[in-house]
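S.K.: When I checked TrEMBL for this same protein, it listed these features:
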type: ACT_SITE; residues: H134; note: active site, pros-phosphohistidine intermediate
type: BINDING; residues: K28, F76, R104, T110, R121, N131; note: ATP binding site
type: DOMAIN; residues: 20-157; note: domain 'Nucleoside diphosphate kinase-like'
type: SIGNAL; residues: 1-17; note: signal peptide
Amino acid sequence: MIGTVLAFFSLFSEAMAAARERTFIMVKPDGVQRGIVGKIIKRFEEKGFKLIALKFMWASEDLLKQHYAELAGKPFFPGLINYMNSGPVVPMVWEGLNVVKTGRQMLGATNPADSAPGTIRGDLCIQVGRNIIHGSDAVETANREIALWFTEKELIQWKPAIESWVYED
Ligand code: DAT
Ligand code: MG
């Protein structure tokens, strides 16, 4: 009997875990230079999302070209790679319910001129070529980007003490 109950709860918690996605967020070189890394991290922390991985690095051109591979044909691509390679970045993985979509909403529109006030880009930057932060646009993209920037070992499994105050189940 106890075994059945335990099995039920473990299945249930697995289903809940499955509902909690992961997204890839990165502070770009301008965000680092402007000293707003902490502010950006704070927004995700305060929302209740869970930090899974984070590092500080100067990304290679090769990595950045892979990251932005689908934009390779765009006229702004060389400038984008140059900008992203102009200084260190802070790649991160955040986890939570609907974190991909909510993360994009927290970032605001790609062009800060169109980003709503209250969003990260809407509040903290002005031009599309200096839009301070990256966020995955879909679950599949997130999985690809996470695998590109982090090894499996760098993704930390942990249970935040606040979890039962952020989620009702
Ligand atoms: P997002 O970063 O919102 O996912 P995206 O994937 O379309 O936007 O483009 C990646 C980055 O490329 C974007 O953050 C800034 C740059 N970019 C996009 N469109 C641009 C444009 N029209 N001119 C200059 N840079 C642009
Ligand atoms: Mg994008």
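Using the three backbone atoms N, Cα and C, a Cβ is placed for every residue, glycine included.
TrEMBL entries are annotated by machine, without manual review.
Keep in mind that this is a model prediction, so the values were computed, not measured.
In terms of burial and nearby residues, how do these features look in this structure?
M.R.: Taking Cβ-Cβ distances under 8 Å and a sequence separation of 6 or more, the neighbours of H134 (active site, pros-phosphohistidine intermediate) in its chain are F24, I25, M26, K28.
Counting every protein chain shown, 23 other Cβ atoms lie within 10 Å of the Cβ of R121 (ATP binding site).
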S.K.: Which binding-site residues among K28, F76, R104, R121 have CB under 6 Å of ligand 1?
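M.R.: Only F76 meet the Cβ criterion.
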S.K.: May I ask you to report the DSSP-based helix, strand or coil state of R104 (ATP binding site)?
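M.R.: It is helical.
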S.K.: According to DSSP, collapsed to three classes, what secondary structure does R121 (ATP binding site) have?
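M.R.: Once the DSSP labels are grouped into three classes, R121 (ATP binding site) ends up as helix.
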S.K.: Give, as a single whole number between 0 and 100, the mean pLDDT over the domain 'Nucleoside diphosphate kinase-like' (20-157).
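M.R.: That region's mean pLDDT is 98.
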